[in-house]
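What TrEMBL annotates here:
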- 6-153: domain 'Lactate/malate dehydrogenase N-terminal' (DOMAIN)
- Gly12, Ala13, Ala14, Gly15, Gln16, Ile17, Gly18, Asp43, Asn106, Val130, Ala131, Asn132: NAD(+) binding site (BINDING)
- Arg93, Arg99, Asn132, Arg163: substrate binding site (BINDING)
- 157-326: domain 'Lactate/malate dehydrogenase C-terminal' (DOMAIN)
- His188: active site, proton acceptor (ACT_SITE)
Amino acid sequence: MAKEPVRVLVTGAAGQIGYALVPMIARGVLLGSDQPIILHMLDIEPAIESLNGVKMELVDAAFPLLMDVVATTDAMVACKGVNIAVMVGGFPRKEGMERKDVMSKNVSIYKAQASALEKQAALDCKVLVVANPANTNALILKEFAPSIPEKNITCLTRLDHNRALGQLSERLKIHVGQVKNVIIWGNHSSTQYPDVNHATITPTNSEEKPVRSIIADDNWLNTEFITTVQQRGAAIIKARKLSSALSAASAACDHIRDWVLGTPKGTWVSMGVYSDGSYGIQSGIIYSFPVTCDKGQWSIVQGLKIDNFSREKMEATAKELVEEKTLAYSCLN
């Protein structure tokens, strides 16, 4: 018997990431090749023509899994009955703008969209915030959508996680599928901490080995590797003159798919989630942790050994998130 369609919302759907993301969702990359989808696309009034053009292309692609498409500029219509919400829309920082100005714009966007989700979304709706500042946007959304369980509001650090896997596989000249269990701790910003201390590789026809001992270059792992992952977004803007879109869309699909369908045994991924105090990270912020997923629920991986170098980095990125939270709340007031 065919599955019931799942309603998936993409905000900012006419933008760069949205344009890369919606065909992936319609093709089954998000929830599997047997899951029918009803796609809800939201964007702002000035983008309505472009949004309608995206809808036309979705029709033209004749995706077998795509049951229907809603394209609208009304958040209440867009959020009606949605089971999954991928929040890509936000206000990007423009030249000459102060951090507080950007925060203020995004706080008002996420406050409004939270209240639409609160009123209209399915009770078990899973939310992924992609738009920057992603962790703090997710926190604002949580504040203004109190009936959505806090475990259902997350932000995207899977892009950083995948970037870290990519850098290690390039360095070792092996396939990226042979590397696992890197961790992104903290904020989706340049203070994030890409941690390889628990990462392993599985060489062809061999058993799992720790990445650190195989690379055998602590200097590279503690400096260049970290800064390359932290600054990768800026490097892509410099190369493309546009920000990461394809890789961000792919990471969003990875995040939701693993959350809904589960992570492979023995593998964890990085997700920005509401801190419960694990690893001494204060609660009340959305912070990226290593998680495993099963039956639609994530759990923070516990008991990992944290050295002094890591502790310092983890606390620095937490401090930035606390500062962002204070700034966001001052914008609300």
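For all residues, glycine too, the Cβ spot is worked out from N, Cα and C.
Structural mapping of features recorded in TrEMBL.
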residue : record                       : CB count, 10 Å
Gly12   : NAD(+) binding site          : 24
Ala14   : NAD(+) binding site          : 26
Gln16   : NAD(+) binding site          : 17
Arg93   : substrate binding site       : 16
Arg99   : substrate binding site       : 12
Asn106  : NAD(+) binding site          : 24
Ala131  : NAD(+) binding site          : 24
Asn132  : substrate binding site       : 20
Arg163  : substrate binding site       : 22
His188  : active site, proton acceptor : 29
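The Cα atom of Gln16 (NAD(+) binding site) lies nearest to that of Asn132, taking the binding-site residues Arg99, Asn132, Arg163 as the candidates. A C-beta separation below 8 Å, combined with a sequence spacing of at least six in one chain, links Gly18 (NAD(+) binding site) to Val10, Thr11, Gly12, Met41, Asp43, Val54, Val88, Gly89.
Secondary structure by DSSP for the domain 'Lactate/malate dehydrogenase N-terminal' (6-153): 69 helix, 28 strand, 51 coil. Note on the domain 'Lactate/malate dehydrogenase N-terminal' (6-153): mean pLDDT across this stretch is 96. Cα separation, Asn132 (substrate binding site) to the residue listed as 'active site, proton acceptor', rounded: 8 Å. The two recorded residues, Arg93 (substrate binding site) and Ala131 (NAD(+) binding site), have Cα atoms 11 Å apart. A straight line from the CA of Ala14 (NAD(+) binding site) to the CA of Arg99 (substrate binding site) spans 25 Å. Recorded residues Ala131 (NAD(+) binding site) and Arg99 (substrate binding site) have their alpha carbons 15 Å apart, per Cα-Cα distance.
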